[in-house]
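Below: one structure, written as structure tokens.
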Amino acid sequence: MKFSEQWLREWVNPDISSHELSEQLSMAGLEVDAVEPVADEFHTVVVGEVIECGPHPDADKLQVTKVNVGEDEPVDIVCGASNCRLGIKVAVAKVGAVLPGDFKIKKAKLRGQPSNGMLCSFKELGLIDEHDGIIELPADAPVGEDYRKYLQLDDNSIDIDLTPNRGDCLSIRGIAREVGVLNRLDVTVPESNEVTASIEDTLSISLSAAEQCPRYLGRVIKGVDLTRPTPVWMTEKLRRSGIRSIDPVVDVTNYVLLELGHPMHAFDLDSLEGNIDVRLAKPKEQLTLLDEQLVELDEDTLVIADEKKALAMAGVYGGKNSGVTESSKNIFLESAFFAPDAILGKARRYGLHTDASHRYERGVDPQLQRTAMERATELLLAICGGEAGPVTEAVAEAFLPKRDGITLRACRLAKVLGVSIANDNVTEILERLGFDVSFDGEQWQVGIPSYRFDLSIEEDLIEEVARVYGYNSIQAAPPAAQLRMTERKESQLSTHQLVDAMVSRGYQEAITYSFVDPKHQALMFDETAALTLPHPISVDMSSMRVSLWPGLVGAVAHNQKRQQSVLAFVETGLRFIPDESAENGVRQEAVISGIRSGKAHSEHWSEGDRPVDFYDVKGDVEALLAQTGNAAAFRFVASQNPALHPGQSAAIYRGSEKVGDIGALHPKFDKALGLNQRTFVFELALSVVTERPLPQAKPVSRYPSIRRDLAVVVDKDLAAGELIAAMENVGVKQLVDLNLFDVYIGDGVAEGKQSLALSVTLQDSDKTLEEAEVTELMTKFIETLKSEFNATLRD
């Protein structure tokens, strides 16, 4: 929000300097980004009147003038501006003047004609960059008066960076309220009178989309003359607020926007066909905007329409076909309240950003529409003439925002701020803020005005009290708190321990957004409905994640584009699964997820160069499961997952309960997800890896272990894990290790079969095993494999 300091001081004028005012606003939460003079330094520039003007005898593009500057004799000046003519009031730099850029005005001759000064343009005085001829001043500008004094150029433009919740301060009125509160001053509202209708013309208004637009006011104004210039006092206030003067109608609506904070729009009445309807866009409906851009409107876009066509994108941008031009004689003026949800994100969707959408997205005062209408009408009639009809209003009270009172507890206020503020002071602060206040000795009941739509809970009021009381007035004090030793169960693993275990294997911890791109998430989880945010940060972050994979995939894709060859990330966090049976309709599950892509390890002379594969990631997961002290309880079972490669994916089970997934991302997603190398992922429920049994000390056997190798031929599609699980379930207590060390398919093995070689390590804790006992145990294993898998010993 950029504005003129002098304009603000017309509303409230504290006895403090510009610097002190800026500091005061910043400390109250309205951060001042910049304070700049509205004009560069120059002097000896006065108001003049061209009393003679004729062509230069020796130059086609020059004119010879005599200018009255309030002295005994007029000044001879040669001018090259096309708009120089007899009778206009101008800005004259007299001999001796110094203009911006240290440009000094001296007596001179141009093509033989004396020139004792210069008729100035806005650019030459450093006011605006555009060079559109010399400055033309109003006819009542006093000849001879210093130009800086006449335009009050000893002023500053203040630029405030407002947080999104303070939409009420996107106006002079709103900032003046704040300054008045901070300085205990009343705000002087400029005098404005309600305009009495002088004609009976009206347009009826219907609200087909009442929820999106619960209040709409319109007024017909006829016989306006839009060729009249906008008064210099208004154009200067607009310029100092960063807005260029265009024409009287646009200037007035912009002025009201800055003064009151309420956007308005004007239509050419003669271009309208029938009455006004505020509705949602029809399928495939198109609108040519004021910038001549043709857009196809989405069906959730709110539009202002007549009986035949859409006229404007409500709260965002006007349409060209109904726009006001210099030749317009009759206009229809709009003042409406659009719900923030109806406008939010619409401008960005169509590649637009306007002052109107900026305010409507943050919220405007739902009670301000008539005030804005009367103010704009008054200004338009004063500048352009014409006659105004009565104000027509359509309102759906049920959809207008309702403000509930807020309770502020004295004990809560003191606890949060850490300082005790006298109850009378708190009451005074709340009343100065314009709130309705009652206090019963323990708590305040506070009624919130319609323009403070950012206040809804007790903490909001605590913040208001703190910033008006003054953060600097709150004395620093060391925090006082009781420190207690916390009990940490040895049977409970922390997420830090799990992440550290993965970091030790070369992973880096990542933190990604819980909001993800719905298109990318739908690719991987097309059968899982996701929660859609009503007010997303952006369209690309509008869905809650149903897995941590989308965020991790985005991190890998980002790094692959930056030539990173070894990528491994681990993350813990929540995934959000829609579930009507869960609290608030969403099931939040804590998980630990990982992703690997690129090379298996960094380049090193002692290591071969190979890409990461499924078994690298499976080994990482097994190391993670080993942290539980019960890795044997988990097993990997080949399964299908729509996000994963059908031949390189598995579900992770603990007993009969599925607790996670692992596999290679399906190659068909690589291009859409921005991946250029094979990528492997895993995800586990955090609850199953944070629990572990307490360690039990067992004596180490003093007797030797015995190894036997067992090679069996089984079906080619049989997973080795199933064989190992079957052997472990035989119940041989002497079995201490079982390991697959060879897989063979080829000569000597029948078609459709594979040879699996396992090492079996046996050891008894009480004695040395004899050969007969070992043979008996191995026979049990072989018989089990034969009966369950039709396995045969390999020759």
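Quick reminder: no glycine exception, Cβ is built from N, Cα and C everywhere.
Annotated domain 'tRNA-binding' per Swiss-Prot: 39-148, in sequence order, evidence recorded as sequence analysis. According to Swiss-Prot, the feature domain 'B5' maps to 401-476, an assignment based on sequence analysis. Look at Swiss-Prot and you will find ASP454, ASP460, GLU463, GLU464 tagged as Mg(2+) binding site, backed by sequence analysis. Positions annotated as domain 'FDX-ACB' by Swiss-Prot: 701-794.
Features recorded in Swiss-Prot, as mapped to the structure shown.
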{"residue": "ASP454", "record": "Mg(2+) binding site", "CB count, 10 Å": "18"}
{"residue": "ASP460", "record": "Mg(2+) binding site", "CB count, 10 Å": "16"}
{"residue": "GLU463", "record": "Mg(2+) binding site", "CB count, 10 Å": "15"}
{"residue": "GLU464", "record": "Mg(2+) binding site", "CB count, 10 Å": "22"}
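The domain 'FDX-ACB' (701-794): residue composition by secondary structure is 28 helix, 32 strand, 34 coil, according to DSSP.
Under the three-state DSSP scheme, ASP454 (Mg(2+) binding site) falls in the coil class.
Note: the Mg(2+) site is recorded as ASP454, ASP460, GLU463, GLU464; in the same chain, ASN165, ARG452, LEU455, GLU459, LEU461, ILE462 also have Cβ atoms within 8 Å of that site's Cβ centroid.
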